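Features as listed in TrEMBL:
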| type | residues | note |
| --- | --- | --- |
| DOMAIN | 15-121 | domain 'Cadherin' |
| DOMAIN | 122-230 | domain 'Cadherin' |
| DOMAIN | 231-335 | domain 'Cadherin' |
| DOMAIN | 336-440 | domain 'Cadherin' |
| DOMAIN | 441-550 | domain 'Cadherin' |
| DOMAIN | 576-679 | domain 'Cadherin' |
| SIGNAL | 1-16 | signal peptide |
| TRANSMEM | 693-717 | transmembrane segment |
Amino acid sequence: RAVALILVLCVSGMRAETARYSVPEEAGRGSFVANIAKDLGLTGEELLARKARLVPEGERQYLELNQHTGDLVVREQMDREELCGQSEPCLVHFEVLLESPLQSFRAEVRLTDINDNSPAFLSKEIVLKIPESAIPGTRFLLESAHDPDVGNNSLQHYRISSNEYFHVSTQRRNDGGRYAELVLDRALDREQQAEVAFSITAVDGGTPPRSGTALIRVVVLDINDNSPVFTQTVYKVSVMENSSQDTLVVIVSASDLDAGTNGEIVYSIFQNSEENLQTFKINPETGQIRLKKPVDYEEKKTYEIDIQATDGGGLSTHCKVEVQVKDVNDNAPEVIITSLTSPLSEAAPPNTVVALFNVRDRDSGDNGRTTCELTGEQPFRITLLAADSYALVTSETLDREQVEEYNVTVRARDEGSPALSAWKTLLVRLLDVNDNAPTFTQAIYTMVMSENEPAGRSLGCLSATDPDAGENARVRYALVPPQTGTLAAASFVSVDAESGTVRSLRPLDYEKVPAFEVTVLAADGGSPPLSAQAVLRVLVRDENDNAPQVLYPPPAAAAAPGSGGAGAWWGVELAPRRSEPGALVAKVVAVDADAGQNAWLSYELAKATEPGLFRVGLHSGEVRTARAVTERDAARQRLIVLVRDRGQPSRSATATLAVALVDDFSDAFHQLGHDPPSGQQTQVAEEELLTTYLIASLCCVSSLFLLSILVLTASTFCKARVRAKLPPPSPSCYADGDLASDGLGVGSMGTLSPAYRYEMCLTSGSGRSEFQFRRPILP
């Protein structure tokens, strides 16, 4: 606190006095103004080390500081008339800021005027109407010339070209401006000379002097006895600066003793200032002067207006209107930031200077006096350094993890009535310090990888967060080396250091490694780094990579039916011929090394000597009779049972069973004690081949039978048409006995059913040459 107080006092003391310099306007870029280092008692190296810089009062930077030499030079050419107009002196304010420690020095550069502008008349031709009765010595106000320069470089006097009637007199206004009056030296005679023309020249005081010229044309009027007379030669009025357009300023009045058109008066603003013509207007009939636009006290405080009253005969007179602009609190204070430290270290102690700023109000008096304060509850406060100069300092310790940045709002308020306020928001970002360790989103991460999965596959992603910022928040991941003698689980997976992505390093066998755990480390990039640990648990998901394995019947027993020699049927299952449907014959036993659904087994009968004789339990593998055993069933049966798991895709195995159908023990001993004949080994195959031949023969016979019926039908239709042309026959019907006596029995042989008998009728002329089937005689 004591150090901060001393710093504030030092800064305040250094800012109390303002350094003043001067430079001519229009000075070129790089023109030397002064040596700042010498005035501050510093060397160029100290300026460079303390990062000296200029802070302008406005938005544009007209000057710059050479940090190596300490020279203050012109950065951008300045026009005094553009910056300050007619105001004098014309000052450019700026501040010099130094760091380590933070100091501020006020300075100003005065722009000295050079004679770079010539006087100029608003009108190139000035017309005056003067009655011939005007007496010598009468003065006539002339339009003024305008010169934007100031001091000796401004307009100094007028002169006119040689003529025998007039001379010019240069007069001075209260504001320092000069105007011209034309003085009549000799009486005019309209009949002798109706018009007098000559030139007028306005000359400034520069070196060399500049000038501007206009033509004066005097029109001599016929006698008009009386000129207009104003009620006042000078009107003094005031107007508020916030007055709107068309506000009445004053009413001027003049009278004329003449009658008729010579007594009619017309009012006008004499063209002595372009600014007056742009700001005020007058009613030519009533003399009411009103505002053409609002006036601003901060731009101009007083106006002098020359009013001319002209009667119908051309005589005129003049008066002066002095308008005083009254200040109104119409300008809010302006907060100008000259220095801001952002980002600011979160470890900064209280009373650390964060920013320097000025408050400016263009109003005057109480309207221009200001106070400054902060809005809201924040760890900052304002310290007054000098008049309208402040410092923003910290009031307590900061924590970036709680608040990353502050929007500090400075409120400036003037003492006007009503008071006006302005706000300026400073964005103060905090610079991080590595005071927080990374934190995993989970204490234990569980990931799953497939069995036999190729190396390089992504298993998931670890995630750890660090509330710090920048490198302090950059988290890198790594596996913690396992202890000596433990499972080298770290060789199964890898962790990407940047992203935390976990990838497999080699395929794993579920049956050997169903799961494993490793410890992962997350460390930030701070100095020194902080870290945290978490557990990564990887589960291996079983794949269907093992086919079912048949335990019973053993492969040796299943191969027995195909082998020869005594005792070859040791593995044969015996089934009594008296077995009822559902009797247990045998049971197939199988296992699967996989797990879960991949190890769920189902059984089905794939092939059998008698397909309908046996059935297999879907889940039990039990072989049972599906019907009663008959004498026609072969004594020896061969069954192939398919064992299938439920994996995707599924895997399977087969088991072969040999079943012997026996009547008693002696029959079983007989079948098991002797070799079957060599022809019986191929009995099953021969029976299957015979069945195929019988089916093919039946299809051929059926096709021939249908073809015969079609041929007979067509033949009968053709012969019926022939018989229609013959005489009617005397048919004789033959009984069944006659057909039988001839040995023609159609139902006694072949593949036709014996249940069909046919009736045949023959004509006397046909003999034995043809017959026709009429209809079947059904029993």
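Every residue gets a Cβ built from N, Cα and C, even glycine.
Keep in mind the model is a prediction, meaning the values are calculated, not measured.
Summarised as a single figure, the pLDDT of the domain 'Cadherin' (336-440) averages 89.
Using a cut-off of 8 Å between Cβ atoms, the domain 'Cadherin' (15-121) and the domain 'Cadherin' (576-679) share fewer than three residue pairs, counting only pairs 6 or more apart in sequence.
Secondary structure counts, DSSP: the domain 'Cadherin' (441-550) has 7 helix, 46 strand, 57 coil.
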